[in-house]
Amino acid sequence: YDLSKNCRLRGGICYIGKCPRRFFRSGSCSRGNVCCLRFG
């Protein structure tokens, strides 16, 4: 099961560590990355 693909399908981006400004964490991606979605 590809968490990274699932993240992108929801319009998110995978980041290492924490999400950048104007993004919020919404789950995980592969290899410990986090799925970040844009506010708004």
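Yeah, the Cβs are placed from backbone N, Cα and C, and that goes for glycine too.
The model shown is predicted, which means the values in this text are computed figures rather than measured ones.
Which of Cys7, Cys19 pairs with Cys35 is settled by Swiss-Prot: its disulfide partner is Cys7. The disulfide bond recorded by Swiss-Prot for Cys14 joins it to Cys29 [selected from Cys29, Cys36]. Here Gly40 (glycine amide) is positioned 18 angstrom away from Cys14 (disulfide bond), judged by their C-alpha atoms.
A C-beta separation below 8 Å, combined with a sequence spacing of at least six in one chain, links Cys29 (disulfide bond) to Leu3, Ser4, Cys7, Cys14, Tyr15, Cys35.
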